[in-house]
Amino acid sequence: MSTSRLAQLLRLYLVTDPQALRGRTLTDVVLQAVQGGVTCVQLREKTASTRDFVALACALTEVLKPLGVPLVINDRLDVALACGAQGVHLGQSDMPVALARQLLPPEVFIGWSVETPDDVQRAAHLPVDYLGVSPVFATPTKTDTATPWGLEGLCQVRAMTPLPLVAIGGIHLGNAAEVLTAGADGLAVVSAICSADDPCLAAQALRTCVNAFL
Ligand code: TZP
Ligand code: MG
């Protein structure tokens, strides 16, 4: 896939978190979010058993494939392979991306979280397809993060790499425009959509903002 096509697919990137669903099912929230204009979904399960993770991944694949929305699996190559996901997202403590690239079919894209300028520099020599700039702002959704980049940090990352950049951490409708202005190609959100009263409306509003930057 071309870099520009991938950047397009990453524009409004929903990251799931079972704790953010407020009692609704994952599939329901994801479907509503996609109706509202989410362009990519990452399944992020930190406590599920492998069996449950695979079952969720397969269920989401069935829902998302016909809609043309890519599914990305967080952390787990085996789960991505088992369900035929389009992408894998890895962090600094996960499977090294060079190994992941050897293990995955060439069409499966790899995202990598960058937490420091050193990480961004290293990415230039690694087989990664996009970078997750993590976190841009502090967020109660994930508290064990590196120091937030802030908007200035995000601008610095933009100047350092031509790779598609997805910003994550504390992003909502109120700061989405400045995150895009700072150079993000896509917005990755958990709570702004998963925990919204109406995930479809929340996604619609964010998508309208993202579209204004096309
Ligand atoms: N990685 C860095 S911050 C974060 C992840 C998974 C959580 C983002 O959640 P929210 O609710 O969009 O701030
Ligand atoms: Mg990880």
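Keep in mind that glycine also has a Cβ here, set from the backbone N, Cα and C atoms.
Heads up, TrEMBL stuff is auto-annotated, nobody curated it.
Feature annotation from TrEMBL assigns domain 'Thiamine phosphate synthase/TenI' to 12-193.
Per TrEMBL, 4-amino-2-methyl-5-(diphosphooxymethyl)pyrimidine binding site is recorded for Gln42, Leu43, Arg44, Glu45, Lys46, Asn74, Ser113, Lys142. There are 22 other CB atoms within 10 A of the CB of Asn74 (4-amino-2-methyl-5-(diphosphooxymethyl)pyrimidine binding site), with all protein chains counted.
What TrEMBL lists as Mg(2+) binding site is Asp75, Asp94. Here Asp94 (Mg(2+) binding site) comes close to Asp75: these same-chain residues lie at least six apart in sequence, with C-beta atoms under 8 angstroms from its C-beta.
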Check the domain 'Thiamine phosphate synthase/TenI' (12-193) for me and report the mean pLDDT.
98
Under 6 Å from ligand 2 by C-beta, which of these binding-site residues make it: Gln42, Leu43, Arg44, Glu45? Sequence order, please.
none
Measuring Cβ to any atom of ligand 1 with a strict under-6 Å cutoff, which of the binding-site residues Gln42, Leu43, Asp75, Asp94, Ser113, Lys142 qualify?
Lys142
Whose Cβ, among the binding-site residues Lys46, Lys142, has more other Cβ atoms within 10 Å than any of the rest?
Lys142
So the record assigns Gln42, Leu43, Arg44, Glu45, Lys46, Asn74, Ser113, Lys142 to 4-amino-2-methyl-5-(diphosphooxymethyl)pyrimidine. If I measure every Cα pair among those residues, what is the longest distance in angstrom, as a whole number?
16
